[in-house]
Each structure stands twice: as structure tokens, then as C-alpha cells.
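Engineer: My questions will all concern the structure given below.
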Amino acid sequence: MKYILSLDQGTTSSRAVIFDKNANIKGFAKKEFKQIYPHPSWVEHDPNEIWGSLLGVMAEALANARTFPNNIEAIGITNQRETTIIWDRNTGHPIYNAIVWQDRRTAQLCDELKSKGKDKIFLQKTGLVLDAYFSGTKIKWILDNVAGARKRAEKGELCFGTIDTWIVWNLTKGKIHITDYSNASRTLLLNIKSLKWDCDLLQILDIPKSLLPELKQSSEVYGKTDASALGTEIIISGIAGDQFAATFGQACLQKGMAKNTYGTGCFVTVNIGKKPIINEQKILTSIAWGRKNSITYVFEGSVFIGGAVIQWLRDNLELFRKSGDAEAVAASVDNNGGIYFVPAFVGLGTPHWDPYARGMIIGLTRSSTKEHITRAALESIALQSFDVLTEMQNSIQEFEIKELRVDGGASKNNLLMQFQADILQCNVVRPKITETTALGSAYLAGLAVGYWESAEEITSLWKSDKIFEPSMEKSKREDLIYNWNKAIKRAKAWI
């Protein structure tokens, strides 16, 4: 039997997932890797450790599936977006650590560019706000701060890539230097209307075009792996940034369909169809995928700290031993005890876009307990997502967001999902397969080689596991939102 192998390279771990034709998981492996924090608000990864982790999980997933590499029809890749790597074109060695999407070191540069009115140019061309979140200013920082980097880049000696590009480069032993439209749309360098690297934006950031990878569809045959990676040559035929892969995996293929991925951060996407809508209200517009020479666009809202707030309570405050314990701890109290937790550890994303906000726990009294704090932390994940969806709905006049499909690790938390439905006042639907990010890239890869025949077949494979319906009293909901908004205002512009 033939399978599709999906490589899901995330912010804190690398996964390999093997799917069959019915979207059943036949093999799975996961490996965490080191988070590097050189300075406050700086976040880095070791690119070589990431590649090593992928080699490990590929072999382990194949072993768990009790199959061999020659039974893999194709490989799909999905990845943490915006995270930036620059490496030597000849040796393949990175010249600096990967600068992670959460990293805020270029916030001041973004402010300087905004003061010159450049943010409006970036918004109209890329659909993005001018923020340290995206790859463009990270590339500039490396070129400006690593000795000799700019000269080498101008000579064509260096390659830039987001994580997908780095994976394909290594899988093919440097033969292929590509990215797909979805990842490219998060760099601040792609014109999402012309579908080309934009020379004006490259000039503003002083980035040589020779650094950049070739642009590709999200579902097409790019080439084959080098035999050294898995012992045989395998077709690589799907690439999408993690949130866009999850949108595809959730079968949100029609205009108006929405999903939220609860991972390290939370990422809400709404399918807006085949034409980009540039939103002035701080909602991002991105390319979700390119397939059959057609582009699908989404609105996206990004919450920087979602499930990571639970990780922080576990590791930094040691309130519980395992992240999975958070639900039981939070459920042991009926409410948050008047506590509101704004986890702005690296600033606030959509719709606030405040890099100078910082984390805050407010409302503490002598009767406050770790249970109240844990519940407030869980609620903060849903409340931040509520802010995003409210802004999106206000920006979309032609259709109503009627349900939210959910995935990611924290979507398994029933207390959180019920609270999300209550706050949103709409159904929250969890699918049977919650590894939707990996599944989406598998679908894109499989469609390119005929493993699956059509988008309609993908839609038919999606199955609901549980529907959470809103049940909270109106007055209680309004109080929670009112106090949350007060807390957000206090956390803003802290530094």
C-alpha cells in the first residue's frame, strides 16, 4: 500500500505523520528541540538541529507505520512561517541561527520605517502590517549584523529561506531552492497581487534579490529527495505554511469558512476566495495556497502566545507537571476569581499590533489560587481569539462566520473549547483528526500526484468529532469581555 508522508516542522517540535487514502494516521513521530533566548524578546532556533530532528522523526514514523520509504508516494511539507534562515549556497551551512517568528528584535526598525510612511506601501502590496513578526526585517537584521553577510549576499553566495525552503534544500542536498506562495506571502517581500517578489520592497529593506528562492504553487511536483535522506528518491509535491495547511486540512475550501489553530500561538483564518481584500483594520491578508494555477486568499489573525501560556505556567511557575493537567486544574474552580491574564510576553498581535505590550496578571486578591490563575490563562487563549474573530467579522460584510473549526494541541481541551463557543456565541467544531496541519500538507502533496483526485474528495474526508454549542448567560459573557478589554488596555505600551 502507498502512503503520503507529511513533515510538520513547528515552533517547538518536528513531526512526521504518515497518512493513508482515507486520511487515517498510520505512523507518527514527534521530537522537541531547543528554544534559544539570547536576549529578552529574542527567539532563535538551530537550523541544523531542526534538520536533524526531521531526519529522526521520518525514520521513526516509518518504523511505527511498519512500512518502507519506497511505499511513500509523495512528501508534503508544512512549517512554522516567517522564521528566517540564511545559509551558504555552496556549503549549506547557516551563517546565523534561525530567527523565529516570535522574535521582536526588529521592532525599532519597523517603527523607523513606519515613521517614513512605508507601512502603507507594505500593506497595499503584501496585505501585511509592517511588523517584526515577518521575515523581511529579520533578513535585513542578519545582513546588517553578521560580519560579511551583506557583501556575500550581493555576490550571490547566500540563500534565504523560510523553514520550508530549508527542508527542501536539505532533502535534495542543495539541488532545489524554492518556496511556495503561502510561505512567500509572509515575508513582507511578495506582492500578493502580481505574485512576484517586489523590487520596491526589496529596495526599501536593502535585500538583494539573488538571496530569494524560486516561487512555486503549493501543490505541484517540485522534484525528488536525494537518496541519502531516506534511502530512496521520493517525490516532494506539497508545501504550505502551517496555518494555511491547517486551513486546507480542515477542508475550509469555500469562502466564509473559518478555522483556529491552537498551538504555540493561535491563528485564525477565514477563506475570502480568489481575490485579495486588503483590510485597513489590522487584519492580515495572505495567500493560503496556490493550486492548479489558482490562488486562494485568507484573512488571518495572529495571537502570538496561545498554548504557550500553559507551557509557561508549567515550566516557569511550575504550577503543574504536564500541560495536559491544566484542564483539570482550571476546572476545579467555577470561574477565574476575578483574575485576567494577558500573555503579551512578546507583545500583542491581531488586532492590537503592539510590540511594546507585556504580560500581565491582574485582579489578584488574597483568595486567588493557582487554579484561578490557570483558568485565567486558559480563558486568555479564547479571549484573544475572540478579539481576532470580532475584528474579522466587522471587516466582512458579505458573509457571516457561522462556525469555527478548531485544531492544534489545545483544541483537545474541552473546557477551553466550551469557553470559546460561549465567548464567540457560535458553534466550535473539533474534527476527528486534529493533526490537520500535517493532513493539509499531505492533501496538497497527494493531489499533485493523483493520490487524491479532487477538492471534493478532500471535503468528503473531513469528519466532526465534537460540537461545542454556546451556553453562557449573556450578562456573564458581557462582564468577561468588559474586564478583558480593561486588562488589555493596561498591558499595552508597557515598554
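The backbone N, Cα and C atoms fix where each Cβ goes, and this holds for glycine too.
In case it helps, Swiss-Prot gives these features for our protein:
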BINDING   Thr11, Arg81, Glu82, Tyr133, Asp242  sn-glycerol 3-phosphate binding site
BINDING   Thr11, Arg15, Thr264, Gly307, Gly409, Asn413  ADP binding site
BINDING   Thr11, Thr12, Ser13, Thr264, Gly307, Gln311, Gly409  ATP binding site
BINDING   Arg81, Glu82, Tyr133, Asp242, Gln243  glycerol binding site
Engineer: Using a 10 Å radius around each Cβ and counting other Cβ atoms from all shown chains, which of the binding-site residues Gly307, Gly409 yields the largest count?
Structural biologist: Gly307
Engineer: Considering only the binding-site residues Glu82, Asp242, Gln243, Thr264, which fall within 10 Å of Thr12 (ATP binding site) when distances are taken between Cα atoms?
Structural biologist: Thr264
Engineer: For a quick check of understanding: among the binding-site residues Gln243, Thr264, Gln311, Asn413, which residue's Cβ has the most other Cβ atoms within 10 Å?
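Structural biologist: For the binding-site residues Gln243, Thr264, Gln311, Asn413, the Cβ with the most other Cβ atoms within 10 Å is Gln243.
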Engineer: Taking the residues the record says bind sn-glycerol 3-phosphate (Thr11, Arg81, Glu82, Tyr133, Asp242), how far apart in Å are the two Cα atoms that sit farthest from each other?
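Structural biologist: Result: 15 Å between the two most distant Cα atoms.
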Engineer: For Arg15 (ADP binding site), name the DSSP secondary structure in the helix/strand/coil scheme.
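Structural biologist: In three-state terms, Arg15 (ADP binding site) counts as strand.
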Engineer: Give the number of CB atoms, excluding that of Ser13 (ATP binding site) itself, located within 10 Å of its CB.
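Structural biologist: There are 16 such Cβ atoms around Ser13 (ATP binding site).
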Engineer: Could you check what DSSP calls Gln243 (glycerol binding site) once collapsed to helix, strand or coil?
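Structural biologist: Once the DSSP labels are grouped into three classes, Gln243 (glycerol binding site) ends up as helix.
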Engineer: Between Thr11, Thr12, which of the binding-site residues has the fewest other CB atoms within 10 angstroms in the structure shown?
Structural biologist: Thr12
